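Report on the structure given below.
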Amino acid sequence: MTEEIQNWMHKAFQMAQDALNNGEVPVGCLMVYDNQVVGKGRNEVNETKNATRHAEMVAIDQVLDWCEKNSKKSRDVFENIVLYVTVEPCIMCAGALRLLKIPLVVYGCRNERFGGCGSVLNVAGDNIPDTGTEFKYIGGYQAEKAVELLKTFYKQENPNAPRSKVRKKE
C-alpha cells in the first residue's frame, strides 16, 4: 500500500469510527481532488432516518457545496476525484459514482450483501447503457480492520430497529 493511500484510508477509517461512535454502520469515506479532501462522509442513516444517507452520498453533497464555494464546475471536479472508502460501495452508491464519472474508488472490505463493485453486481465495470462511465476500483485495503468495525456494530443492538425486528444477541 502506498503511503498516500495509507494516509487517505487512515482518515476514512476515522470517519468510520465516528459513525460507529454515533450508532451508525461504520462506513467512512473521503473524496480527494487535487490532493485535498473536498468531501468526506460517514453513514448518517439512523440519525437522519433516511436510508440514502450513506457515507458516499454525504460526501457527494459536500463536494457539491465545495464546488459552489470555490467556483468550480462539479463535473470537472468529480471526473478527477479519487474516493477512499472503508467498505465496497453498495449498488446505489456505485450507481451514483458512475453517473458522476468518478474514475477511481479505493475500498477496504467487500460488501457481500449489497456490493456494487463486483461482490453482488458490478455496477462499476459492467457495460450498462445510459448509466454514466465505468470506473476502476481497488479493494482490500485494510479489509480486516473494516470487517472488525462492522462486527463491532452488528454485535450491538440497533436502538432504531422496530421492536418486531430486534434480535436477541447471544
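In case you wondered, yes, glycine gets a Cβ from its N, Cα and C as well.
If you check Swiss-Prot, you get these features:
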- 3-128: domain 'CMP/dCMP-type deaminase' (DOMAIN)
- HIS54, CYS90, CYS93: Zn(2+) binding site (BINDING)
- GLU56: active site, proton donor (ACT_SITE)
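Ranking the binding-site residues CYS90, CYS93 by how many Cβ atoms sit within 10 Å of each one's Cβ puts CYS93 at the top. Looking at the domain 'CMP/dCMP-type deaminase' (3-128) alone, the prediction's average pLDDT is 96. GLU56 (active site, proton donor) and CYS90 (Zn(2+) binding site) are 10 Å apart (CA-CA, integer value). For the pair the residue listed as 'active site, proton donor' and CYS93 (Zn(2+) binding site), the C-alpha distance works out to 6 angstrom. The Zn(2+) site is set by HIS54, CYS90, CYS93; from the centre of their CB atoms, other residues of the chain with a CB within 8 Å are VAL27, ALA55, GLU56, MET57, PRO89, ILE91, MET92, ALA94, ALA96, PHE114, GLY116. When secondary structure is read from DSSP and collapsed to three states, CYS90 (Zn(2+) binding site) falls in the strand class. Of all Cβ atoms in the protein chains displayed, 27 besides its own lie within 10 Å of the Cβ of GLU56 (active site, proton donor).
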